[in-house]
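Below is one structure, written out as C-alpha cells, with a few remarks after it.
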C-alpha cells in the first residue's frame, strides 16, 4: 500500500478532470432527462389529519386503544410517561424554589419577592 502523502497526488491526477467538459461519463449524465420524484401515497395514514377515503376504519378501532382508553398503540402509556407534563416545551411550569434573575436584583439584598412571584 502507498503512503497517504503519495496517495493524495495520485488522486489529484486521477480526478483532475472530474465533473468538467473532459469527463465523458459526467457529460453523458448531464444529457439525461431529469427523473421524476417518487410518489408515496398515504405515508401518514396513522398520523391522523386528512381522514378522507378511510371508510369505517376510524369508527370502532378498540383494539388500537391503550390501557387508559386513549387512542394510540396497544398499551401505550404515553400519559403515564409524561406525568402530566406538556410536550411542547421544557420550561418549568411550577418552580420548587423562587427564581431570582440576579443575585441582588430588583428586590435588594435582604428582601423576599411578593408571594405570587414563585
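Cβ atoms are placed via backbone N, Cα and C, with glycine included.
Positions annotated as compositional bias 'Low complexity' by Swiss-Prot: 45-56 (among others).
Feature annotation from Swiss-Prot assigns compositional bias 'Basic and acidic residues' to 57-70.
Residues or ranges marked as compositional bias 'Polar residues' by Swiss-Prot: 76-93.
Marked as compositional bias 'Low complexity' by Swiss-Prot: 98-109 (among others).
What Swiss-Prot records for 2 is N-acetylthreonine, and it gives similarity to another entry as the kind of evidence.
What Swiss-Prot lists as phosphoserine is 36 (among others). Following the DSSP three-state reduction, the secondary structure of residue 36 (phosphoserine) is coil. Counting every protein chain shown, the Cβ of residue 36 (phosphoserine) has 6 other Cβ atoms within 10 Å.
The omega-N-methylarginine annotation in Swiss-Prot covers 85.
Summarising the annotation, Swiss-Prot assigns phosphoserine to 86 (among others) and lists similarity to another entry as the type of evidence.
Under the heading region 'Interaction with RNMT', Swiss-Prot lists 2-55.
Feature annotation from Swiss-Prot assigns region 'Disordered' to 30-118.
Averaged across the region 'RNA-binding' (56-118), the predicted model reaches a pLDDT of 57. The annotation region 'RNA-binding' is assigned in Swiss-Prot to 56-118.
Residues of the same chain that lie 6 or more positions beyond the ends of the motif 'RNMT-activating domain' (36-42) place no CB under 8 Å from a CB of it. Residues or ranges marked as motif 'RNMT-activating domain' by Swiss-Prot on the basis of similarity to another entry: 36-42.
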